[in-house]
Each structure stands twice: as C-alpha cells, then as structure tokens.
Amino acid sequence: MAPEASPERSCSLHTCPLEDPTGAPVPPPTVSTLQAIDPTSPLTAGHFAFPRAPQDYQEGSSLLGLGDQASLCAHVSNLSTSIDTSQHDGVWKQPSVQRHVVSVRQERTFRMPKSYSHMIADWPVAVIVGCLAFIFLCTLAGLLGSPPLDFSEPLLGFEPRDTEIGRRLEVWKAMQALTGPKNLLSLSPDPEMNSSSLLSTLSPAAWGRAEESVVRTKRMVGPVEVKEEENFFCGRPEKSHAKLVFVSTSGGSLWNLQAIHSMCRIEQEQIRSHISFGALCQRSAANECCPSWSLGNYLAVLSNRSSCQDTTQADTDRTLALLRFCATFYHRGVLVPACVGSSQDKPPFCAQVPAKCTGSNVVYEFLHYLLDRDFLSPQTADYQVPSLKFALLFLPIIKTSSLLDIYLDGLGDPIKVSDNYTSISGMDLGLKPRLLKYYLAEDTMYPLIALVVIFFGMSLYLRSLFITFMSLLGVLGSLMVAYFLYHVAFRMAYFPFVNLAALLLLSGVCVNYTLIFLDMWRLSRGQVPSGGMPHRVGRTMHHFGYLLLVSGLTTSAAFYGSYLSRLPAVRCFALFMGTAVLVHMGLTLLWLPATVVLHERYLAHGCVAQAHGQRGGSDPLRLLLALHRRIRIFRKIISILSRLLFQRLLPCGVIKFRYIWICWFAALAAGGAYIGGVSPRLQLPILLPLGGQFFRSSHPFERFDAEYRQQFLFEDLPPNEGGNLPVVLVWGILPVDTSDPLDPRTNSSVVSDPDFSPSSPEAQEWLLALCHGAQNQSFFGDQPEGWPTLCLVEALQQWMESPSCGRLGPDLCCGQSEFPWAPQLYLHCLKMMALEQSPDGTRDLGLRFDTHGNLAALVLKFQTNLPYSTEYGPVHHFYTEISRWLSTEMSKAPPGLNQGWFTSNLELYSLQHSLSTEPAVVLGLALALAFATLLLSTWNVPLSLFSVAAVAGTVLLTVGLLVLLEWQLNTAEALFLSASVGLSVDLTINYCISYHLCPHPDRLSRVAFSLRQISRATAMTTGVLFASGVIMLPSTILLYRKLGIIVMMVKFLGCGFASFFFQSLCCFFGPEKNCGQILWPCAHLPWDAGTEDPDEKGRAGPPGFSEHYELQPLARRRSPSFDTSTATSKLSHRPSILSEDLQIHDGSCCLQHAQAPVSPRDLLLDHQTVFSQCPALQTSSPYKQAGPTPQTWIRQDSQGQKTEPLQALPEGPAHCPKSKVEELPDGLCSSASTLEGLSVSDDTCASEHSVRVPDSVGTSPEVMNGTGHPILERGQLNGKRDTLWLALKETIYDPNMPNSHHSSLSWKGRGGPGDISPVMLPNSQPDLPDVWLRRPSTYTSGYSS
C-alpha cells in the first residue's frame, strides 16, 4: 500500500484510501505489478497500513485494466536480496511472508494503446463505436448503391447457365424471340410483305409462355360436335381448367351414390358458395356459371336428371354397365373423338364401336377425363365390383392466381374439404407460384423463431443478455457489410432469395465463436489472477485469435468452393455466404472481446451487487429471491452434471473406446458413401424448378403433381404430338451467351458468325450429303408435316421443277437442273422459294433473313425416333449420340458451315447433367480448399488430414441419410449439399486448433486437453442449432423445412465426427511434439517450453543458482492399489493433483545458474506460466505426518545477517477461484489436470509405453554441503504407483493450515513475483526423505488449461 500521507485517489472500479503515518512523500512508482517485499526493506509491513481491499478484488473475481486513469501499482525494492540468494547459504531458512505493496499513480487521461490487447482493454467503447460506425456506413452505401430487393420470383436462378448445353439453349431462345415479321430475323426476305403479329411484340420470356400455351392447347383433343344432351356443359374440359382430385375417406371405392353426392356437396359449399366464384367462373349462353365437369354431373346427363343431387342408385348401376361395355373399345383405341357424333366422314375403324358408345361425347369424356386409369382397365374389366380410387373434377374456372382467396378461405383447410365419405386430396389450381410467395412471407416466423432459440440458448450459457444482444448485432452487421461488398465491390446485380439463409447459418457460426471465447475468457481469470485486463485479453486472444482465423478462413473457403457450380443462385449464395463469414471473422476480432471487456468492467459487478443488496422488501420481491435461489440450485446441479460429462466421462469414453469409435464412424461414412453414390443414390429431378416441388409432400398441390397427375389418361402425350425428341441444327449464329451468367433476369442476344457462307458449291454439296447421311442413321424418324426439312437442297430442287416456281412471274430459278448452282443464283432462288411458299412470313422453311433481306442463318430440323423422357439415362444417350454424329459431319464441312451446332428439348437434361456432375466436384473442391487452408494455418499435415477426413465423413453420412429420407438431388438440395462442408468444418477445427496449441507433447494428454476445453461449447452449439432446425420442420415451404433438416443433420453428425472420430484418430496417429509439423526457421512450438539449451537460458537474464534433481524412473507395472491410493490421497490433508500432462524436460543434471526475469512483469508471466505447465512426479498414497517435513526456512540477506523465521505461505489444492460476482464454469480451472477425469479409471490412466519419464529438477533442504550448496542425490519412490504423472501447481504446503485456508489462498500465492521457492513432494514412507523440487522460471507461449 501507499504511505499514509497519500491522499485518497479513485480508480475506475475501486476507491483506495491510502494513509502514511510517517508523512513521507510517495516515491514514484516504476511498474504496475504486485511483488513480494523483503522484510528488511524500508518498504516493509511496518511502514504501511493495509486497508481492506474492495470485496471483488479480495475474491479475485475482477481484474484491473492497465488503462485505468488511476492504476493499481506496486513498488519494487532495489535490494539485492532474494530467495535465490538465500539458497547459497549453508542452512535453509524459512522464507518471509509475501507482502504486496500497492500504490496509486496518476496517468495521462489519453494515451495511445501499446498493443491490440491494450486497445481492447483500455478503449472497449471506442472499439465498439468504431465498429458500429463502419457497419452503418457500409449499410448506407450498400442500400443506396444497389437496387431494391426483389423476391417476386424466388425460384429464379436455379437453371444452369454458362454450360455448353445452357449456352445453346439461351441462344436458341433468343433466336426464337427475335424471329418474326418486323423483327431482327424473319422467315421472309421482304419484311414489308409480312403483317405484324402478336409474337413480335412479346419479350423472350413472354413469347416462351405463349408458345407453351399454344403447344398445350394443341395437345388437347380437338373439338367435336356437341349433342343436345351435352348442352348441359360449356364445352369439354381442358387442361387449363382448375382441377380437384377426390378420394374416399374410408379407403373404399368412389363409385357409390353416397360418395357422388358428397363430392357435389363439397363443391357447392366450399367453392360455388364463395363470393369470388361468380366473378371467375365460365358462363353459359344464359349468363349463368357453367356446371363443373364432375362425376355427379355426367351421371345426371346420362340419366336425364336436372342436377347431381337428383341421381339415384339405379342411375349409378345403369351408367356403370354402360361404361363397362364401352371401356373395351376405349382401351383398344377405337373409341376416339373422331368416331363420336353423326357425321358421315368417320374413319373406317369407327364402324367397330357400337352406337350407344359414340352417340354422345359423355361416355368418352367420362373414361378419358374423370376416372383413373385402373378403373375398368383391361386388367380390372372382369371385376364384378370395380374400385374407383380417384375421381377428377374440372371447375369452370381457368387456372389463375385469382383463385387464391377461394383456396385460403375453404380449399386450404383439410377439415372443410372432407366429410365421412370423400375428401379433396389433390389440386391443380395454377396457384403454386402465387402461393409460394404467400407462404414465403407467412412462414418467415419459423426462421425467426429459430433465431430466437439460438440466441436464447446462447444467453443461458453465457448468463448475459448484453453479450447475446451484441453477438446478434454483430451477425446483422456482418451481413450488412457483406451485402455492401456483394453489390458494390463484387458488382453483383442479382440477390437471390436463398441468400437470406445466411442469417441462420451465420448465427450458428457466431454461437460457436462466442461460446468458445467466453470459456477461454473465464479460464484466463484463473490463469492470470493479477495480470491486468490487457494481459488477460492477450492471454485469451492468443488461443482464440488463432482458432478464429483458422476457422473463419477454412469455413469461408469451403463456402467459396460452391462458386464452381453453374447454378446462378448457388454461385450467388456461395459468394455472399463466404464473404459474410470473412467479415464476421474480422468483426469478431474487435467486437467480441471489446463487448466482453465492457460487460466485465461495467455491467457484471453492478448487476450482481443489486441482486445481493436486496434482501428484504415486499412479498413479490421475496418470491423473486426465492425463485432466484432455486434457479441457482438448479444451475449448480446442471454445472455438476456438465463437469461430470465433459470433464470426466467424455475424455475417458473417447480415449478408452477409441478403437470402437474409429471403426463405427468409418463404417458410417462408408455406408453413407455407398448409399449416396452407388445404390440407391440420390435421384435426379424429373421436373424443372418452376414446376418442381415447392411445399411439403403432403400438400395437395404437390400430391397432384407427384401422385395423381399420371393416374388420368388425358395427361398422357399422344405418340404423334411431340412425343419424340427433335434435333435443331443452326448455322450462322454462334452459340455465345451474352447474358450475365450470375443474373438469370438478363437475356442473351444473338451473335452472327462472320464466316457463315452457305452458297458455295462445296457448301451445297455438303448440305445434300448431310441430308442423305442423316436419313441413313438409326435415330432418324418420321418427319411431321410443316416442319423445316433437313434436306434444304432437295426441297429447292423440287421447287425449281414444280409448276409453282413461276407463280410470281418468270424467274431464272425455274427449270435449273444443273447442280451445284452458282452462289448468287442459289441465294436468289432461296429467297424466291421463301416468298412463294411463305408470303405472310409464317411458314418456317429453315431460312432466317436479316433486316436487309440477306440470308443470315440456317435453322434445319428433323425428328428422331427417340422418345422424350424425364429420365436422365435415355436423354443422355440421345445427346451423346447426336453430338458424336454431328462432330463427325462437321469435320467434313466446308469453311463456311463448320461452325454449326445443335439443340433440342434439353432444359431438364441440362439441369440433370449439371446436378449429376457438379455436387461431387463442388464438395471435392470445398474439401481441398479446407485442407489447404488448414495446412497453411497449422503447418501440420496429420492434423489437416484428420480434420478433412472428419468433415468428409460428415458430408458422406449426410448424403446417405438424405437418400434414405427420399430426397431428390434438386436445386435446393444441391445448394444445401454444397454448403454442408462449410457448416461442418468449424466444429472439427475447434478440436484441431485446441489439439495443436496444447502444451503437452503426448497425444493422449492433448486429446484430453482439447476435449475438456472445447467439448462443452461444441455440444452447446450443436444443441441450439439442432433445436433451431426442429423449429423449422412445421413450415409449409419446402425450402425452410430442408434448411432445418440440413442444419440439424450436419451439425449433429459434425459434432459426432469431430468429438469421437477426429479425436480417436488423434489418439492413434495424432502428432506428438514436432511429428508431422512443417518446421520453419526460428519456430517455437507450445510444447518446446522448458527444453531450451542452457546457454540460451543463460542469455535470457542475469545469472542465478539452480539445481537439478533426478528421480528414479517409474516402473511400467501398475499396482493393484491404484484406485485405493488415489482415493485416499484426495482425502488426506496434503494436496494431491492427479495428472498425466507430464512435460518433457531435457535439462542436464549438473549445477547451473537459474535465470531470473529481467522485470517483475516478466517474472509474473514466467512464474504463472510455469506453474500451470511444469509438472513433476509425486507419490500418491496417503501422506504421513511422521515424515520429516520442514516447517520453516531461515532467510539470509546479502550481508549474511539472519532474519526471523517466517511461516511460509500455505497453499492448498489448486482450484478455480470462486467469485461472488460470477462463477467459473466447471472444468475450466487453470490448475486442474488435463486428465483429472481419467484418474478414476484403472484402465485408462495408464500412460503410453512410448512416453519416457523425464528428469526433474529439485533441491533437498536436508542435504547441503558446507558452503550452502545442495548436494545432488537420487530421489526415492515407494513403487506403489507406476506411470502416474502429477503436475506441480502449488506452493509450499503447510500441514498446520486448515484446508479451507489452503483453498482460499491457493490462487493468491500462485504466480506471485519472486516466488520461486521449492516445492516438497512428501514420501509415503515415514523413514524416507521427501523430495524437494525447484520451480524453474521458464516462460512458454503455450496455452494451458
């Protein structure tokens, strides 16, 4: 303390009244550390008063920062006396009582921080404000410099771009959109002769939808004559009408009167009674809503009833007999619309059909549209009572988004659309895109609830709402900065909807970082009890900063690996998510430690003080206090169970059963690889993303597409209407996609081939040969009418010889029989043929003319005999066969036609081809980038390989489980699989870095060290993310559900592989010391501390005196008394710390001078570090008081004058300092052994045979020579325990001191400046001397636990 005359001065956290009875002025302070003072010094206890320190400082719960305006300092005596000096005397003397002299000095209000830790500790508010200002500026620039978010088309971007097939499809779509009268390309050479059409004014996307509508209409059966009885309906049902599928509630047949009446009743109550139905329905000539095409209405028409409800059972029986009779002709293919009616120009085969089957359209439409394909099929026609499983109802409403109100008010409720007989199980209302947008906004609550669960679990673990809130703010800030970089720095124009998933995924990364940092922060309090806030920040960030950099870089690299995909949405997500992880890593380095320092300094003490200060008051207050006490009791129980699980059971279980864990997880990974890649493997999609699955499988919209659509015969494609794959050959336009591959909203334009020349004689001959060669191929099929023929040259020859050649007047082309023709004549004749056969510019002859009337391109088509399929295999065979044939032909083409290419209906195949090849490549690249990042960060090959093996096992098992869950490899699944590496890599890196930074050289101790240090935070992270995934399962949107499943599965499996598989691999093959390490010059590893060369140690400080005492090697046989002696030693009055973290010490046994730190601060750092890492050997049986245990030492100053014997400071077993402000988590004690949990097991506590027992350093006080120097002597062990390692982490033990006093003062005596006194190892035999070991003053940069 300072002299009494010093005025009272205030620190930032404490008020320190200082008094000086002598009135002497305060000498200027030199350092800011606590140091023991020699009693003969002028600054001894007699000169100072020791007032009561504040409560929080006494308990060791808070650390003063070096940046306080009034710092707590200590004076350093200039005397040369020390403990080292006293050891030169011939007699051992009791050391003096350690007394701390504290003074207060005034410092400058503002000063520049000396280092990163000083900046965080001294200016936490400034750091946080600076980060907030940076986030605000980036957010403002990102919002102002980018277009507003548009999620109107959430599935946009899931079609492959920038692939060979994709480029050709984009160019072909652009050519179709730009072809027409008054357009860039035309079918006629003279645009003035063509009238404008609707298609020329449509955009490419709108034109495609219009063409699709035309194609769908053409596939419908053509109109036929309507009979008088059919005037009940408004025409015939079309595919464009809204459809409902009815099933039986009881599982029986729908062909009964009760079920038919039930369907009519549900339609009337839930659809026709809706207020919007009248405005949407199709109306008859009488301006009334047309009746529905339903089972009951067709039955009423055949039975001459006025409505569905008037039908009887006899009507159903009579109609069933008629349908049974006519079904035979329908399935034979002779009952077709052409045979229906009374017209005379029927096909000849219609004579086979009886008149009662063709007298009306009702019978045909009954069988073709309303009944499922199995009802009255040839296989079930002989059944006495056929079963109708599904019945279709066509509403007189065109499929449109206007049906949303009807769906939400009635059809969307399963209870309203079902009764005791029937229920609506499937729907096709054309509402999937519109309903997707609705549910995307409606189900957003599930991801938000998942976020609440994540941060609520974090707050329970941290016990701080402030840190939790700041962590959430850091996540949001990181996303906003990433959004700024995404748009402004990377120039990305498209922001897909899937990028919003980054909020949930980045929150999981934040939880992992925050929990680990807080564990290390609490741990550093016990390791650095008096080092100040800057040293505590530096101590924590020494380990956490390394872990954060490695984890952040590896995770972002894994996400960036997905950029290799050709799906624009996946590439945009990879870029945004990888950038967000990097930004969050950078902000965490500043934001998180500053937040914790701010909480530690201003919030933690105040909150606890208020809680302890309110002891009385009203009944509600007492009730709250009672509840608080119960919660604390429950929390203590959870803490005890957590300590038992993560500090004892988990390390023991991993190390003891490591053989089982390796085999089990390797088998799981191999099984996942086989299931996902061989059989049954992930199935490719059979629908395009716009027609794919949006909602969960039980949704009626999805059930109609997946189950019911193929149950009705009208959905089948007729064999002569687009059933086969066409081939489109293009010359004159290069297959170059000019659109932005990362923006699916952009459309490509056409790029002309400058070398295109189809008029040369060689080109004419080659085109004719190409026609004949294609006709001889096995894939060439029958050509439909009106198609542009592949044989353009033959068509021109036929036209020249036909009478129609001269229809436009005399021309040079007519009658030309010489071949090949002159180039100018050839081009002129092609133009004349186009004008004659397509005067309005609507017939496609395969010619494309530009605006000047010149031939710009050739587009020739032919039909193959290969049927279109949604399966990948047949279409892949078609594509490879056509590509091989065309490549061969193009190799023979003349220079003007050698740039030709082909395309077809390959949209689905393009997606399937990308999904069949890219996920494996993307996952492999992500794993390779993760390995490279780990290797560059740790420079350790085995650890990098083991980490990547654990991540790969997680991904393989995830894929296998997804196959068992019947997932298809669709676009969403490809996105989540590409992100699985980034989601699972951080948990493994936690253990990898903790293992790498462990100061212990042997692999078992390092495995236990990493498990005890990281496992609880890893388990908590996995738990909260698993819970968040469960929360998202009830969502209607399939994207949310699958995101929840992926998060659950990847995090759970990743935790298992990291905790058991990776650690078990390290138990077997983990690197020891420098094994597998890529060494660089001047490299210093954590476990190299204490093994420096004596000469190097001599240069570290002034010379001193040091003795080395060598113990006898331990036996390799384990004693039966292992467990008994361990248990009794814990119950004895002397400290015993079980450990297997033996530090290898290669020092020699000769006399050499010990090194003292050059400054008290260095002394403090060295002393604390060594005490937590330098082990020794100790006997373990119950201690005997009869042994010769010295109680006092006699100290001697430099002049040889003896001082009074002083009692040594006692110190009990090492433990965590218990604080009234905040309890440390169990298992985070700095002095606890890394394998303390293994001491209870007789099987797992044995050391490896490969680990040698090191030499220890010691000096015996009983054996001294005449000059006061110790005599080296072998120590004795009683042999009761073999290969047991004990860590020296205590000061001198005093048996007269109570155990409670030992516990309360153990942390205070540890690490004090100048405390390098020897430590006694009591022998269990009363007739043998104890062993005394000298504490070396060696500083190591390792991080101890």
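Cβ from N, Cα, C; glycine included.
These features come from Swiss-Prot:
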REGION    1-28  region 'Disordered'
TRANSMEM  125-145  transmembrane segment
CARBOHYD  N304  N-linked glycosylation site
CARBOHYD  N420  N-linked glycosylation site
DOMAIN    429-598  domain 'SSD'
TRANSMEM  440-460  transmembrane segment
TRANSMEM  465-485  transmembrane segment
TRANSMEM  497-517  transmembrane segment
TRANSMEM  544-564  transmembrane segment
TRANSMEM  572-592  transmembrane segment
TRANSMEM  659-679  transmembrane segment
CARBOHYD  N776  N-linked glycosylation site
TRANSMEM  919-939  transmembrane segment
TRANSMEM  945-965  transmembrane segment
TRANSMEM  974-994  transmembrane segment
TRANSMEM  1019-1039  transmembrane segment
TRANSMEM  1043-1063  transmembrane segment
REGION    1251-1271  region 'Disordered'
REGION    1295-1345  region 'Disordered'
COMPBIAS  1297-1306  compositional bias 'Polar residues'
MOD_RES   R1310  omega-N-methylarginine
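This view paints the features noted in Swiss-Prot onto the structure.
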residue : record                      : DSSP class
N304    : N-linked glycosylation site : coil
N420    : N-linked glycosylation site : coil
N776    : N-linked glycosylation site : coil
Distance from N304 (N-linked glycosylation site) back to N420 (N-linked glycosylation site), taken between C-alpha atoms, in Å: 28
Interface present between the transmembrane segment (544-564) and the transmembrane segment (440-460) (three or more C-beta pairs under 8 A): no
Integer Å distance between the CA atoms belonging to N776 (N-linked glycosylation site) and N304 (N-linked glycosylation site): 58
Winner by Cβ pairs under 8 Å against the transmembrane segment (974-994), considering only 125-145, 465-485, 544-564, 572-592: 544-564
Best-contacting stretch, by C-beta pairs under 8 Å, relative to the transmembrane segment (1043-1063) and drawn from 125-145, 544-564, 659-679, 919-939: 659-679
Positions whose Cβ lies under 8 angstroms from the transmembrane segment (497-517), at least six residues beyond its ends: 151, 154, 440, 447, 450-451, 454-455, 457-458, 461-462, 467, 471-472, 474-475, 478-479, 482, 540, 544, 547-548, 551, 555, 569, 572-573, 576-577, 580-581, 584, 588, 592-593, 596, 972, 975, 979, 982-983, 986-987, 990, 1014, 1017-1018, 1020-1021, 1024-1025, 1028, 1039, 1043, 1047, 1051
PLDDT averaged over the residues of the domain 'SSD' (429-598): 91
The transmembrane segment (919-939) touching the transmembrane segment (125-145) per 3+ Cβ pairs under 8 Å rule: no
Feature contact check the transmembrane segment (659-679) with the transmembrane segment (945-965), CB under 8 Å, 3 or more pairs: yes
Winner by Cβ pairs under 8 Å against the transmembrane segment (919-939), considering only 544-564, 572-592, 659-679, 1019-1039: 544-564
Intrachain residues whose Cβ lies under 8 Å of the transmembrane segment (544-564), provided they are six or more past its termini: 509, 512-513, 516-517, 520, 570-571, 573-575, 577-579, 581-582, 584-585, 588-589, 918, 921-923, 925-930, 932-934, 937-938, 975, 978-979, 981-982, 985-986, 989-990, 992-994, 997
